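Below is one structure, written out as structure tokens; the observations come after it.
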Amino acid sequence: MVDQLEDSVIETNYDEVIDTFDDMNLKPELLRGIYAYGFERPSAIQQRAIMPILGERDVLAQAQSGTGKTATFSISVLQKIDTSLKQCQALILAPTRELAQQIQKVVVALGDLMNVECHACIGGTLVRDDMAALQAGVHVVVGTPGRVHDMIQRRALPTDAVQMFVLDEADEMLSRGFKDQIYDIFQLLPPTAQVVLLSATMPQDVLEVTTKFMRDPIRILVKKDELTLEGIKQFYVAVEKEEWKLDTLCDLYETVTVTQAVIFCNTRRKVDWLTEQLTERDFTVSSMHGDMDQAQRDTLMHEFRTGSSRILITTDLLARGIDVQQVSLVINYDLPANRENYIHRIGRGGRFGRKGVSINFVTNDDVRMMREIEQFYNTHIEEMPMNIADLI
């Protein structure tokens, strides 16, 4: 029975979608902050969750990292804050110091034009510094349950003005043993505080929190095929001519130790050619493209997943279907012919919270396409540094 609950998926009970940030009636300075941060249009979770949160409903969202969830609650928090009131109006909990600091950065960046004070309360820092910052007055506190609980107990963090309580990665927090502190914090908040809970999975202890502390929540399930470039280091190598790519690839392999890599080419012919070239040079390579039947593909994927082949060469056709945990490196031997496929190729390297590296081979003819990709995703692809080995 427990196992069934472990993986239970919530059912969405809300399907209103707002397609653009402009239609969300946000404060002009917040909207400017969103665009300045590089967001162009809301991701699936942002389209669905921001409005109900702004409507002061309790919201339960099942979403993986990389779906844009941090900005979802950050935008909502910033919209609701009264900056003329120097009191903590929103409290955000996260399982780790790193995540708490990351959330703080997003809140500060999006609220750049709003004069918002956002403080990170995390372990490993001086308690007296926390107390001083909180006493100076902040609008938003983001932190780990232990330190936040401590600050409330010491009366350094008054909770009477808290209108919104956000629990990010609730499954992680509860599995790390923060249950008692979280329950205590709930008891110390005003009964009217709105609760927003985000979790990738819905195990029993998360469902318990939702039934105990949430009032008739709006439930939103975001499928995890929304990809992101967050956490992925993107580089390019300038290779003047197509003919030089093979040597560049071999040189790269001499400098880095890679557990596994996926290499994308634009044509099946090139996949076959490159496979042949690398096999001749004693690399263990598998290749996959659309001419193969499903059984062949499954065998190859199995080989790659189990690590018996370390390099998988493939075309865009399969960009969406490769979901391999250990892939730390994606190489675009050819830049994709259309921009949309770029994220499907490299957005997987950093899944499951793993960081990834992508390296793009760029000929003189590809420079324009690379700039287009950068613009389209509002991202930056840097020239590959000499110490690339340390980054993979």
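Glycine residues also receive a Cβ, built from the backbone N, Cα and C atoms like all the rest.
Just so it is clear, the model here is predicted, and its values are computed rather than measured.
What Swiss-Prot records for this protein:
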MOTIF     19-47  motif 'Q motif'
DOMAIN    50-220  domain 'Helicase ATP-binding'
BINDING   Ala63, Gln64, Ser65, Gly66, Thr67, Gly68, Lys69, Thr70  ATP binding site
MOTIF     168-171  motif 'DEAD box'
DOMAIN    231-392  domain 'Helicase C-terminal'
Positions on the same chain near the motif 'DEAD box' (168-171), where near means CB under 8 A and six or more residues out: 65, 69-70, 73, 92-95, 99, 103, 197-203, 206, 209
The motif 'Q motif' (19-47) - residue tally per DSSP class, helix then strand then coil: 17 helix, 0 strand, 12 coil
Tally of residues which DSSP labels helix, strand or coil - the motif 'DEAD box' (168-171): 2 helix, 0 strand, 2 coil
Whole-number mean of pLDDT values that fall within the motif 'DEAD box' (168-171): 91
Surrounding CB atoms that lie within 10 Å of the CB of Ala63 (ATP binding site), all protein chains: 25
